[in-house]
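Pulled from Swiss-Prot, these are the features on record:
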TRANSMEM  4-24  transmembrane segment
TRANSMEM  56-76  transmembrane segment
TRANSMEM  94-114  transmembrane segment
TRANSMEM  126-146  transmembrane segment
TRANSMEM  152-172  transmembrane segment
TRANSMEM  194-214  transmembrane segment
Amino acid sequence: MLTLLAILTVSYIIGSIPTSIMAGKMMKGIDIRNFGSGNAGGTNAFRVLGWKTGLTVTLIDIVKGVVAAVSVVAFFRHHPIGAFPDINEVALRLLAGMSAVIGHVFTVFAGFKGGKGVSTAAGMLIGIAPVSMLMVIGIFLLTVWFSRYVSVASIFAAVAFPLIIAIRKYVFELGGGLDYYIRLFGESFSFHDSLDYHLIIFGLLVAFAILFTHRANIRRLISGTENRVTFRKHA
Ligand code: G3P
């Protein structure tokens with residue numbers, strides 16, 4: 001129990017690191033939550049602080065999710081402070097990752113008003129199911145390219161993840177050998193056991209959470225006032 005609490009707490013604190021808020025303070029002496037969309041996240045850092053800072057913030061936010069889901073769990077397995085939680089590895093990594101996402105959205109370091117959790121959730125899932133996440137990232141990038149809305153791409157990507165896991169389980173399992181090659185490329189768990197149900201259930205939870213954190217974006221999309229991405233330099 002103590003170990004589980006430690007894993008969740010450390011993950012929450014890592015997720016809470018308010019990357020975009022720190023970048024705004026350091027780069028321009030501003031609180032990014034008062035500019036652009038008002039969101040403390042990578043997309044708004046792109047918008048308000050420029051692409052280099054936006055990219056850096058996004059990458060760090062992704063790393064927060066990977067570290068929580070992979071390194072924090074591994075650390076406490078090798079340095080036990082009590083009994084290691086008796087739940088399966090994927091579920092534990094998902095819990096740690098979710099704790100980091102909650103930290104990112106409700107950051108203890110900035111009045112519990114953080115970002116929308118997309119990059120940190122992506123990091124958590126990259127650390128657990130990298131091949132599926134490559135497909136999700138493809139869907140995200142294509143949606144940004146064609147729609148020019150990062151929020152729409154985030155929502156599509158979040159919904160796509162549990163669907164991809166389910167399709168890989170129910171379609172590719174029928175197809176036989178392909179799953180072996182997919183596993184060769186880095187996903188350490190078998191799609192032939194029950195662990196993928198955890199991914200589908202947590203994936204659905206993440207999708208609902210992302211829909212919830214994007215409720216203002218959805219309202220703006222409906223009213224036609226959502227921010228669009230521009231790939232051209234301003235004159
Ligand atoms: O990852 C957040 C993105 O989907 C939307 O960000 O700043 O346009 O609300 P923003």
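Glycine is treated like the rest: Cβ placed from N, Cα and C.
Listed by sequence, the residues of this chain that lie at least six past the ends of the transmembrane segment (126-146) yet keep a Cβ under 8 A from its Cβ atoms are 62, 65-66, 69-70, 90, 93-94, 97, 152-154, 156-157, 160-161, 164-165, 168, 182, 185-187, 199, 229. Ranked by the number of CB pairs under 8 Å to the transmembrane segment (194-214), the listed stretches 4-24, 56-76, 94-114 are led by 94-114.
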